[in-house]
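This report concerns only the one structure given below.
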Amino acid sequence: MSTTAYPDTILIIDFGSQVTQLIARRVREANVYCEIVPFQSADEAFKRLQPKGVILSGSPHSTTDIGSPRAPQAIFDAGIPVLGICYGEQTMCAQLGGNVESGHDREFGRAFLDVQEDSPLFAGIWAKGTRHQVWMSHGDRVTSLPDGFTIIGTSPNAPYAVIADEKRKYYGVQFHPEVVHTPDGAKLLQNFVHRIVGVKPGWTMGAYREQAVEAIRKQVGSGKVICALSGGVDSSVAALLAHEAVGDQLTCILVDHGLMRKDEAQQVVEMFREHYNLPLILVDASDRFIGALEGESDPEKKRKTIGRLFIEVFEEEARKLGGADFLVQGTLYPDVIESVSFTGGPSVTIKSHHNVGGLPERMKMQLVEPLRELFKDEVRLLGKELGLPDSFIGRHPFPGPGLAIRCPGGVTREKLEILREADAIYLDEIRKAGLYDAIWQAFAVLLPVQTVGVMGDGRTYEFVCALRAVTSVDGMTADFYHYDMNFLGNAATRIINEVRGINRVVYDVTSKPPGTIEWE
C-alpha cells in the first residue's frame, strides 16, 4: 500500500512474534497509520517510510543467542521515539549497552505490574504505587540498564518490567500490551503514539478505502479482473472495492464447491445480482471438488487441494471470458500470519490457509489482495463504509475450504449433507435465542466417530456432532462461549431428532490458544 497520504506513520519491526499484527491493530484503533516490516528489511523500510515512531515486536528468539534478530541502528540514531515490547525491550537494552540474561524464572500468562514512577506512557491509566494486570510471555529478562534509562514498573519475575529513557523517548515493556489479556494495553499504546510520538489521529476506513481503490487501479491498469466471491464478508468487501476501482473490468465468480452452508450459494447470487448489480457467474463445481476430496483425511492436503481447484476453476472461467489478468481475493492479516509470517519474519507456521497455502506456484493470474493488511473487525467497518447492510456485515466468519474442514476425516456427500443440516439447525437456535451477535463464530463439526445410541426401541450407531462457539475481537485469540445448559440441551435435541445420521452432540470448550477456532 502507498503511504504517501499518511506522513504520520508508525513503523512496527517484526522479530517473528505470532501477535505482531495485534500491535498494528491497536495502533490503528488509535486512528494512526502503521506498517509491519520484517527485521531483515527494516533498514530499507525505515528510509522509505520516514516514520515518526518505531515499535519493536516480541520474538520466539533469545537475545542471548548468537545471530539473533536486531533492530537497525538507524532508528536509535534518528532521535525519534521507540517502544520495545518483550523481545523488543531486550534487544533495545542489549544494543544500547544494557544486559540481558537467560535462565531466570520465566513468566507466561497473567502477571501483576507494580508502577514505580509516573510517566507519559502511563498517563490517564496507571499512577505511581498502583498494581495492574498484564500478560507476560518471556524466558529472558533485562538485568542491567543502558545509560539514561530508569525503572518505572516491576513484576515479581521481571524487575525491569517497564523501563524508560524519558529524554530520548525510549520505552521498553516486558509484557504484551497488544493482547486483550492486558486490560489497559491498548490505552498504553495509544499513549505512546499520541502523547509520546505526537501523531494525530487521521487514519480511518474511509481513508483506507481511498488508498485501496487507488492501489487496485495502479496494480490492474486496463487489465481484466475476476474476483473470487464466496459470499462471506471478506470476499464481498474485496469485490465491492475492486468494482469501485475498476468497474466493468471486474467479473465476480462464485464457485459452488459443494462445501457451502445450506442455501448459501443462491442467497449470494440474489444479493449481488439484484442489489449491487455486480456481474456474477455461478459455477457448479461440486462434483469436481468432492470427487477430489473423497477419502482424503489429511487437513493440509484438503486445504491445498481446495486452493488448487479454486485456481483451476477461475483460470478456466477466465478463458471463457476471453482471458483475465488478475484475481481478487479477500485474504486478511490472520489468514497470512497463521500460514507463514506476512512480514517474512521468523514466526512459526501454524497451518496453511487455502487463500495463501494452496496457490499453485505457476499461477497464470496475478493476485489482488486489497484486505491483506486488515483484521476482521476492520473489514466489517470497511464494509459499512461501502454500504453493506449490518445484517450482512455481522455474519460469522466462514472458511474458504468450507465444510470440508468441519468434517474431520474423509469427506463424502452424505457426511456433508448431515453436517449442513446440523449446522443450519444450530445457527437457527442461536438466532432464535438472540445470541448471534454476541458470538464471534459458531458452527457444527461432524466427527469421524460413531457411537451407540437408542432411538425408540432400536439401537443406533451414528455420528457425533460437535458444536463450537467462540468470542473474540480479532480472531487471533478466542474463548469458548459460555452457553446456558438449557440452550445446549435444546440445540442437541433438535439436531438429533431432525438430522438422520447423528445420535450424539458434544460442545467444544477449548480456547485459542491452545486450540484454533476451526478444527482443521
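Including glycine, each Cβ sits where the backbone N, Cα and C put it.
Remember, it's a predicted structure, so these values are computed and weren't measured experimentally.
Quick look at what Swiss-Prot lists:
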ACT_SITE  CYS86  active site, nucleophile
ACT_SITE  HIS176  active site
ACT_SITE  GLU178  active site
BINDING   SER230, GLY231, GLY232, VAL233, ASP234, SER235, SER236  ATP binding site
DOMAIN    9-202  domain 'Glutamine amidotransferase type-1'
DOMAIN    203-395  domain 'GMPS ATP-PPase'
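Cα distances from GLY232 (ATP binding site) to the active-site residues CYS86, HIS176, GLU178 are smallest for GLU178.
Sequence-distant neighbours of SER236 (ATP binding site) (same chain, six or more apart, CB under 8 Å from its CB) are LEU229, PHE272, GLY330, GLY383, LEU388, PHE392, listed in sequence order. Rounded to a whole number, the distance between the Cα atoms of ASP234 (ATP binding site) and HIS176 (active site) is 28 Å. Of all Cβ atoms in the protein chains displayed, 23 besides its own lie within 10 Å of the Cβ of ASP234 (ATP binding site). DSSP assigns GLU178 (active site) to coil in the three-state reduction, placing it in neither a helix nor a strand. This prediction places the mean pLDDT of the domain 'GMPS ATP-PPase' (203-395) at 83. Between the C-alpha atoms of GLU178 (active site) and SER230 (ATP binding site), the distance comes to 31 Å. For the recorded site, the residue listed as 'active site, nucleophile', the DSSP three-state label reads coil.
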